[in-house]
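Structure, as structure tokens:
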Amino acid sequence: MIRHFLRDDDLSPTEQAEVLQLAAELKREPFSRRPLDGPRGVAVIFDKNSTRTRFSFEMGIAQLGGHAVVVDGRSTQLGREETLPDTAKVLSRFVDAIVWRTFGQDRLQAMASTATVPVVNALSDEFHPCQVLADLQTITERRGSLKGLRLSYFGDGANNMAHSLMLGGVTAGMHVTIAAPDGFHPDPSVVGAAEQRAETTGASVRLTADAHVAAAGADVLVTDTWTSMGQEDDGLDRVKPFRPFQVNEQLLAAADSEVVVLHCLPAHRGDEITDQVMDGPASAVWDEAENRLHAQKALLVWLLERGR
């Protein structure tokens, strides 16, 4: 049966654990799985600029024995002279999977509605599930079991990382806190979905406007840019409300002594995170970036093996 990965709760807790275990295996033995030998192809479409997503998917697909057909979405007929469902039918005849970094989540859903190969969300305005798989792999490397850990996110609670951390974190059995200024809290429908999943895993979701409450005793501190792609024009207006949510040495001191600090990058040093924290011993940012490669390879292997 064809499976898609459009948002973090598309994987059950057991399935998420399987992907993370496979990611660890592929990090140890990068060329041990070759499901794309042939070479077989994967469409990798970018409607938004990318560094880590492009490099990690291109290299990962090559290590799996395949060929990445990388396309700028603006140079195709996607959603313009051809409908997304029609495009999905066509691409499904050419490639073994479709990886898409785009805008609205509805575009991914339209693509997946008729695709006969797996569709993977490489980032949308609402979710960033591949990044959170890499985050969970990184936390596992530093702290062991994920279940019961306290993860706190600081910044724009309405952005894709906050949404995905809630869904992915509670799927892993973590207690997730979103610390954001008033007016920047997560989509209530995503909070509801996370709470529903949390009921099955013993996890919890908490929203707060107090960064120090969120940091107290936390095992993981996560932040992201205060201004997401497409919001650059109002970047200066965001500095004042977000300044109390900067991940700095004061917040770090309130957290657990073995706290792990994550940032999906690119980082605006001195805004959402200080140099001292980002370059300090608690930071796992560079391992986190590398793990995009391993987590995404594992996801592709998992999806492809279930679709055959």
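Placement of Cβ uses the backbone N, Cα and C atoms for every residue, glycine included.
Of the residues Arg3, Arg101, Arg238, Swiss-Prot puts just one in the carbamoyl phosphate site with Ser50, Thr51, Arg52, Thr53, Gln77, His128, Pro129, Cys130, Gln131, Cys264, Leu265, Arg292: Arg101. Of Ser50, Gln77, His128, Cys264, Arg292, all annotated as binding-site residues, the residue with the shortest Cα distance to Asp224 (L-ornithine binding site) is Cys264.
Sequence-distant neighbours of Cys264 (carbamoyl phosphate binding site) (same chain, 6+ apart, CB under 8 A from its CB) are His128, Gln131, Asp135, Met161, Asp224, Glu288.
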